[in-house]
Amino acid sequence: MRAILVDDEKLALDYLKALIKKISAIEVIETCNNAIVAKEVIVQQEVDVVFLDITLPGKDGMQLAKEILQEKPELSIVFVTAHDSYAVKAYELNALDYLLKPIKIDRLKLTVERLKKKANLKLNNNMATNSELLRINVLGSFSFELDGGEREIILWRTKKTQELFLYLLFNRNQLVRKSTLIELLWPDIELGKANALLYTTVYNVRKNISMYKNHFMLLQSTLEGYVLDTENVVLDVDEWREKVSELPKLIESTVNQYEEAMNLYTGAYLQDYDYLWTEGERYKYEQQWLAVALQIAAFYVKQGKIKEAKQWYTRICADAPLVEEAYFALMKIFAAEKDHVSVHRQYQILENVLHEELDVAPSDEVQKWYLHWCTSTNDRNLQNAPQR
């Protein structure tokens, strides 16, 4: 592997170069003590890894790393610093490792092992066929799916093993501290025992995902945390969000694109699990889905495609039963069709759902409309209408 070292201190450069020379796996092809020169050299050279000091004059190593990775996203970055306060930011940039000065040879060997693993993983993925793309389904039921194959339900060794994997997957390619994981999984357990449980559970995760070794690498950081690196992995939720974000203006010629994008949403985020940390994500995706679904339904009404509009509003009532707007829209559609029974049914369903779930009545607007409709149609079920 070819390496470039960047540090404004000559002694630090010489020391690191001497250490690396003792490890035959890495060849130092250049050393730089200036961020501007370093960027130019790194972009132009064939290089596998950059050992980068964070506290550089003029431009800090974090900013330099961002700029380099924009040019060479596959490049491995190893940050080198005398301070541990930059650790989280470093891993947010997907740094491969974070070395504290003074660097010890044994610690450097661990970094080299990670570089080797990443290189082997990249080689395996380059040799892989398209069928080796791993799709992870987190919308609806959680499952794995090799491209072109059947869904696979993983039998996790314990429930905690599954939750740990899912949380690391949620924070993939980022450092997650041990303290965060312990607070998440064993908040009421004595620290020593909790650390032992975490160690065992991490081991179980590694065993469970070993059959997908071309796609996952679970790294332990010396900074008290773990990083789940993913390669050749796609999540269905990311596919869906990307499709939705790329939707053009909703017109007759694009409505099919909207339908296709929404068909990718196969259920709530990790719907079978009640992890507290999933609630925010689940709500966010549900609101995204709801906004587009209401947009499609209203578009069909405007276009006079009532059958399609009813299908979408009915789907909204089923998947988001507290959204009054969908029931109200159906009531108006049924009223226009003079389907009195369905108007009453929709109002009663709405009334029951709101009472059971929130202990509230339909809004004044809906009640007023329903009362006016009952009166104007001289409907014999007027006695069931709300009294004003």
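Each residue's number is its place along the chain shown, starting with 1.
Note: Cβ is positioned from N, Cα and C throughout, glycine not excepted.
Pulled from TrEMBL, these are the features on record:
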type	residues	note
DOMAIN	2-116	domain 'Response regulatory'
MOD_RES	Asp53	4-aspartylphosphate
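Break the domain 'Response regulatory' (2-116) down by DSSP state and the numbers are 51 helix, 26 strand, 38 coil. Remark: Asp53 (4-aspartylphosphate) has Val6, Asp7, Asp8, Glu9, Ala12, Gly61, Phe79, Val80, Thr81 as non-local neighbours, by Cβ distance under 8 Å and separation of at least 6 in sequence.
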